[in-house]
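The structure under discussion appears below in the form of structure tokens.
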């Protein structure tokens, strides 16, 4: 069996939580953590290696960009965090500069694996990661609407009493204010969502608003969101390293799906050892198609305005 190595850039709350989740859920041989604050990565490496007796042997170390050379995956969580009252798009200018300083040295190291991005605004930064790296589009992945979708399924579970494992519903579009729910195709416990009397139109509108605002509410209460997105990252890495063919709603490359080109946006996609092996284009109603087009247009406007 080949040696499995993950290179992590960003050791803040998302990065450190992801590192912990990864070691507990995926068998890897080496994890290298890179951050501008070297002292933190050194401390986390020492802390995380204590998991070995409980989860299995793994080399964990603080490193630099040269360590990305032989990694299977480069995970990017580094970036300015969203503060109360901010939208994810407010982070663009700052985080694009940070992203540029990360991608170049990773590519120069000889890295030939798969990029996985969670830094916000994730759809835009994933799009720019592909452009900056020149990597094939399937080799660049963003967490997209995987967290939004998890929040939607939790909310639907609360409303219906159905276990989240039996809820198949997606949030699509931007991981941000222009996201939307694909209610027409949603299935709850083998029945169409629309067949549930307790999920009338008014309730669904309230639920959609609650899902969209949940991240901001968490940030207002505790300063950041990190548990959910860290597990999203872990599941993506697991699918890549174990060739799982996992379907997740991700920042996926559009090559005509939904009428969108040259942009990463939230849509179900299949993750395998080769990265994104397929983008699943869901059937959308006329209204949902308009929402997807609007979401894409808003992000495309931002991307086109960035001078790389």
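The backbone N, Cα and C atoms fix where each Cβ goes, glycine too.
Copied over from Swiss-Prot:
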type	residues	note
ACT_SITE	175	active site, proton acceptor
BINDING	14, 35, 65, 79, 80, 101, 143	NAD(+) binding site
BINDING	88, 120, 121, 122, 123, 148, 149, 150, 151, 225	substrate binding site
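Ranking the binding-site residues 101, 143, 149 by how many other Cβ atoms lie within 10 angstroms of each Cβ puts 101 at the bottom.
Each residue contributes its Cα atom, and for residue 65 (NAD(+) binding site) and residue 121 (substrate binding site) these two points are 23 Å apart. According to DSSP, residue 143 (NAD(+) binding site) sits in a coil region rather than a helix or strand.
Among the residues 14, 35, 65, 79, 80, 101, 143 said to bind NAD(+), no two Cα atoms are farther apart than 22 Å.
A C-beta separation below 8 Å, combined with a sequence spacing of at least six in one chain, links residue 14 (NAD(+) binding site) to 77, 118, 224, 226, 229, 230, 233. Checked against residue 79 (NAD(+) binding site) by C-alpha proximity, the recorded positions 121, 123, 149, 175 yield 121 as the nearest.
Other Cβ atoms within 10 Å of the Cβ of residue 123 (substrate binding site), summed over all protein chains shown, number 33.
Here the Cα atom of residue 101 (NAD(+) binding site) is found 31 Å from that of residue 149 (substrate binding site). Proximity note: of the listed recorded positions (123, 149, 151, 175), none has a CA within 10 Å of the CA of residue 80 (NAD(+) binding site). Residue 35 (NAD(+) binding site) and residue 123 (substrate binding site) have their C-alpha atoms 22 Å apart, to the nearest angstrom. The secondary structure of residue 35 (NAD(+) binding site), as reduced to three states from DSSP, is coil rather than helix or strand. Of all the Cβ atoms in the protein chains shown, 22 others lie within 10 Å of the Cβ of residue 151 (substrate binding site). Other C-beta atoms found within 10 angstroms of the C-beta of residue 121 (substrate binding site) number 27, with every protein chain shown included.
When secondary structure is read from DSSP and collapsed to three states, residue 101 (NAD(+) binding site) falls in the helix class.
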